[in-house]
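Database features (Swiss-Prot):
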BINDING   166-173, 191-195, 212-215, 279-282, 308-310  GTP binding site
BINDING   Ser173, Thr193  Mg(2+) binding site
DOMAIN    1-159  domain 'Obg'
DOMAIN    160-327  domain 'OBG-type G'
Amino acid sequence: MKFLDQCKIYLKSGDGGPGAVAFRREKFIEFGGPDGGNGGRGGDVIIEAVDGLNTLIDYRYQQHFKAKRGGHGMGRSRSGAKGEDAVLRVPVGTQVLDDDQETVLADMTEVGQRIVLLKGGDGGFGNEHYKSSTNRAPRQFTPGWPGEERWVWLRLKLIADAGLVGLPNAGKSTFLAAVSRARPKIADYPFTTLTPNLGVVQAGEEEFVLADIPGLIEGAHEGRGIGTRFLGHVERTRVLLHLVDGTQEDVQLAYRTIRRELRLYGGGLAEKPEIVALNKIDALTPEELEFKRTKLRRSAKKPVMLLSGATGQGVQEMLFELLRHIREARGAEAEAAEEIERRIRYAPIEE
C-alpha cells in the first residue's frame, strides 16, 4: 500500500433545507391555518479515527467532501429530514490543521474518536412560524441557512512507543526487520527507506510498537529531505533509539548531526529519553569497536550499547532496554493522569 502522510482537502457542511408554505386542508374546515413545517438541518462534516488504517492515501484521489442539504419542510407541520453527514475516516494519529498548517483543529489519538469539524446550516422556517394574531395566513418562509466551508490539512503522525532515528544507512530498517514482522525495503545505500514503517515488537511477554523513519540529514528541521514530516512521526514516541553507523569515519559527527536536528525541530524531541547504540559492529575489528565506542560515549555523555541488526548481536538486550524505558514512560503518564483527575475531583467549587 502506498503511504501518504499529508494532504489538503476541501470541506463543506450541508445547507439547511427551506421551510414550507402550506395550509391545513381538511373536510369541513374551509379556512385551515398555516401548517408549513421547518426545513431540515444540513449534514455535518465529521472526522473519525478508525483502526486498520496507517496512511492518508485515499485522500489523494478525492479532495472535496460535502455533506448533504437538509430536506424541505412539509405540510401538516412536518420538518424536513436532516441532511446526511460527510464522515471522513482517518488513521489514529491524524491531526486536522487550518489552512495555515499551524493551527490544530483536531487531534485524533484514539480509535472511535469522532469530532464535528463543520456543523450543517439550520433549516429555514415554514409559514407556520410566522402565524400571528395580525397575520393569520402568512406566505412567508426562509430558505435555510448555508453550511460552513473551509480548506484544511490532514497530517498523519504515527503513534508508536519507540522511534528509530539516525543518518541514512544507519541500519534502522535492518533492525526493525530483525525484531518485528515489518518488511521495510533494505539495501546498502542511503535513502533506501522513503516512508515511515511500523513494527510490533515482542519482548518477553510484552509488546510495543516501533517506528522507523527515513534517515535524517543536516537541515531536516527546515524540511530538507522532507525532514519535518519525518520527524513528526516520532513526536508521539516515548523513547528514541539513536542508531549510529559504526562503519562511518566520524561517529561523533554523525551523533551530533541528529541531535542538532532534534533540538532545532522542537516539539520536545530533544528531551525524550534516548538510547544510543553503535550499529553494524559485525563489520568492525575489536580495536575499531573500542575506539569508536569511546568516541561516541564522549559525545553522547551516556552509555553506548553495541548492536548488529544483521547478525542479531545485542538485539535482545536492546529490546529489553527499550521496554524498560517504555514502562517508565507509561508509569509517569499514568501518574500524571491520576494527578489531573485528583485535582479536578477535589477542586473547590466557585459559587
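Positions of Cβ are set from backbone N, Cα and C atoms, glycine also.
This view paints the features noted in Swiss-Prot onto the structure.
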residue : record              : Cβ within 10 Å
Gly166  : GTP binding site    : 25
Asn169  : GTP binding site    : 20
Lys172  : GTP binding site    : 31
Ser173  : Mg(2+) binding site : 24
Pro214  : GTP binding site    : 24
Lys280  : GTP binding site    : 21
Ser308  : GTP binding site    : 22
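Put simply, Lys280 (GTP binding site) is 12 Å from Ser173 (Mg(2+) binding site) when counted between their Cα atoms.
The average pLDDT computed over the domain 'Obg' (1-159) stands at 91.
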